[in-house]
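Below is one structure, written out as structure tokens; the observations come after it.
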């Protein structure tokens, strides 16, 4: 709750006129508690989990020719009922785990110093903090993900998420309840290290989940703006991880590719890419697949 009773009082305290964004924020949040503002995350996550996957669901059902060529695993198709069942499972975990976790984690948000008052952060401040949050989450998530691919971690927890060897958008948050709790730690570390405004925190939670949905969409569109983000993994990168399955020791990073490159856990993926590129070139040049060059070659990937 803001410590000002009027716009004039807020402007007097800041010694300047409020910006349009600050005026809107004052009108909305002045008489709302910080706890209520924090709990907006629950509503945002519900909308993101329910609405953002819908375009991919439409493409999966309609199989439009213009978009079908961008399907990463075109031979795998899920029915509407199967996708709906996935969504129901996600919503069950949302109401039993995600929502309650948000409700009880407010004290930690206050301790680290996420603020709700004026002035609002600048655009550059928001962008720089979001970049830091993504980098921290990606690095810590990488190591937790590697642990979850150990024998105990996979059999007891992570195998649930890998039930979808050809991921779909609704399956991005589909996971064991323990994994939801564990992977909440990397998401919280960034704001804990570089705390910012509640609006930045909202954006961080929303963008991270939207990114995860895109990564699990099963489609790789060449016009995606993420293609211009340095070291960004994307849907094709993570799809390989699901395709290989429980024995996969490649592509652990959640967002970027630098951790897998530095620690050598992208070798299987890069080897597979080289094989596919070679096959594509040879087929383009008129080489038949069942001819001599293919019979004595081994195309194993890590």
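The chain as shown is numbered from 1 upward.
Any Cβ shown, glycine's included, is placed from N, Cα and C.
Here TrEMBL flags 131-265 as domain 'Fatty acid hydroxylase'.
Note on the transmembrane segment (35-59): residues 29, 67-68, 71, 80, 83, 87, 90-91, 94, 98-99, 102-103, 106, 109, 114, 116, 168-170, 172-173, 198, 201-202, 205-206, 209-210, 213, 217-219 of its chain, located 6 or more positions outside it, place their CB under 8 angstroms from a CB of the stretch. TrEMBL lists 35-59 (among others) with the feature transmembrane segment.
Sequence annotations record features per position, and here TrEMBL assigns transmembrane segment to 93-114 (among others). Tertiary neighbourhood of the transmembrane segment (93-114): same-chain residues 34-35, 38-39, 41-42, 45-46, 49, 173-175, 177, 180-181, 184, 188, 191-192, 195-198, 201, selected by CB-CB distance under 8 Å and a gap of 6+ residues from either end.
Per TrEMBL, the feature transmembrane segment maps to 188-207 (among others).
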Positions on the same chain near the transmembrane segment (188-207), where near means CB under 8 A and six or more residues out: 25, 34, 37-38, 40-41, 44-45, 48, 105, 108-109, 112-116, 120-121, 125-126, 129-130, 132-137, 140
